[in-house]
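Chemist: What Swiss-Prot lists as coiled coil is 49-121, 151-189, 354-383. Here Swiss-Prot flags 606-631 as compositional bias 'Basic and acidic residues'. Residues or ranges marked as phosphoserine by Swiss-Prot on the basis of similarity to another entry: 500. Feature annotation from Swiss-Prot assigns region 'Disordered' to 491-511, 548-572, 592-640. Summarising the annotation, Swiss-Prot assigns site 'Microtubule binding' to 406, 417.
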C-alpha cells in the first residue's frame, strides 16, 4: 500500500511538472514578465497547499471521532461497572487492532453490561415503589427516591438492602402514626365537647379520610393540622375560660353590690364554680360554648346597666356637691366644664363610670383642700367687693339732689352714708392688704388666684387704675373750682357782686345814683378811689381763703350738696348790697343771706358752683367784637390794678387756661346795666 501511495505521488508530481512546463510556454508566448510569472506560481503553490491541508484536517477529524466513540464506550462500561457494585471490567482489545476494530469490541462488551443493569433496575424499582407509597402516606419527602430512580447511580446489592431496611422503618412509622392520630382525635373530641363545636365537621375539614377508621391519612401534614387544631381549641378554651371566670367575678361583684336574690344566682351556679378551676379540670359539656358565654354576658350587661344607672345618680350628686363647693368658693372647676366629665360622656362610652366617679371624688378632695387655703382670702375679697358696692351706692347717693329731704327712713339713709364713708376711707388699705395676701398665695401654690374665672390681682389692678383716675379728676376739679373762685372774687372786688333774682315778690331797692356813677366812672379807672381798691383787694383775699377752707372742708367730709338751693346763692350770682362804693365793700359770696338756711352756703359743693357758673344759657358774656387786646388778669387779688385812662377801652373778657380749658367769667347785674356786655 505504501508503494502504491508512492507511485501515486510520483505520478502526480510528473503530471504537475508537465502542466507547469505548458504554463511556462504559454506565458512566454504571451510575453509575461518574470515578476508576473513568479506571482502566478506563488498563487498556484498556495492553492495546492490549501487543498492538502483540507484533506489532512478531514482525516484528523475522522480519527478523533473514532477515538471519542471508543472513549465514551469505555467510560460507560466503567460507569455501569461502578453502579453495579464497583467490579473491574477488563477490556477485550488486541494488539495491532485499528481504531474501527477496537470500537467494535467496545460496543459488544457494552451491550452485555446494559442487560445486567436492566435486570438490577427491576429489583430496585420494586422496593422504590413501595417506599414512595409509604412516603406519600406518611407525608415524607420523595424527591431523593425519584432522583435515585432517574439517575441510577448506585445499583449495588448493598444499596438494595438499604432501601429494603428503609421500607421496614416506614411501615413501623405508619403504625405509630395511626396510634397518634387516634390520640389526637380523642383530645380534639373532648375539646369540641367542652367548647360546643362540631367534631366531625372539623376533622372532615382537615382530611376526609379521618372520618373512616380504615383509610385514615397519617401524613405529617394531617398530624400537624390536628396538632394546630388542638392548640387553637386549647387557646380558645383558655380565652373562654378566662372570659367566663371574669364574667363570674363580675357576677359575684354585681350580686353583692345589687343584693341579687339567691334564686337568680342559682341559674349561673356552674359558671361561678369554675372560677378556681384549671384548664384540665373543666370538662363539662358546653360549659364554654358561645351560647353559654352569651347568656352570662347578657346577665352581666343587664346588671351593669342597673349599676351604671345608680352610678349616674351618685355622679350627679357628686357634681352637685362639687358645683356647690365651687360656687361658694367662686372657683372655676375644669371638671365641670369638660364634656368628658358628664353623664353624656358615660352614655356615649367616652368615659368609664367608675373612673369618672373616682376623678370627681379626687376633684372634690382637691377643691376642698384648695377651698381651705382660699377661705381667708375670699373673706377679704368679699369684704372688698362689699366696700366697692358701698362706694358705688355712696356715689349714687351724693348725686341725688333730694337726699336731704325729710321723709320716712331718711335718718337711716344718713347713717348708712356715714358708715359707707368710713368704709370707703378704708378701701386703699384694704386693697393693699388683699394684694399682698393674693400675691403670697400665688407664689406659694404657683397658680393664679381666680374669682369666678377672673384673676383677683387683675381686678385689684383695674380698681387701682380707676381709683387713681377718679382722684386725679377730683384734684383737677378742685383746682378748677379754686381758680374759678379766685376769678369770681377778683371780679366782685373790682365791679361788685351780681344781684340775685328777687324771689320774694318784693321790689328790689334801687341803687343810689352816686354808687352807679362811681361804677360807671370805674370804666376809665381814673376816678376809682384807692381806698375802695384796697378794701376790695383785702376782701378778695379773705373770700379766697374762706372759699378754700369751705371747699377743703367739703372735700374732706364728702358731704353732698343740698337739693333745692337757690340760684342766687351760687358764687358769682350773690346779690350785692345797694350801697355806695366808697361807703361799704362788697360782701363775701359765702356769707349767709337773710331767710336762707344756716348751712346753705357752707354745704354747697364745688360741683354746684361749677355747674351754675358754667351754665351758658343763663350767663351773659361780653361781646368780643369790642376787644382790641386781651390781657390776663393776675390770679392774686393784690396784683389787680385799675386802668388809669378813661379813653382806654375796657377789656371785658378774661382769659385763663387751666388744663387747656377756657374759664369764662360772668358779670354782675350792675356791670351788665352799665354796658360792659
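The backbone N, Cα and C atoms fix where each Cβ goes, and this holds for glycine too.
The structure displayed is predicted, hence computed values, not measured ones.
Walk me through where these features lie, including what they touch and how far apart they are.
Modeler: Confidence over the coiled coil (49-121), given as mean pLDDT on the 0 to 100 scale, stands at 82.
Within the chain carrying the coiled coil (354-383), a Cβ under 8 angstroms from the stretch's Cβ atoms is held by residues 311, 314-315, 318-319, 321-322, 325-326, 328-331, 333, 335, 341, 345-346, 430, 433-434, 437-438, 441, 445, 449, 451, 456, all 6 or more beyond its ends.
Within the same chain, no residue at least six positions away from residue 406 (site 'Microtubule binding') has a Cβ under 8 Å of its Cβ.
Every protein chain considered, the tally of other Cβ atoms within 10 Å of the Cβ of residue 417 (site 'Microtubule binding') stands at 19. The secondary structure of residue 417 (site 'Microtubule binding'), as reduced to three states from DSSP, is helical.
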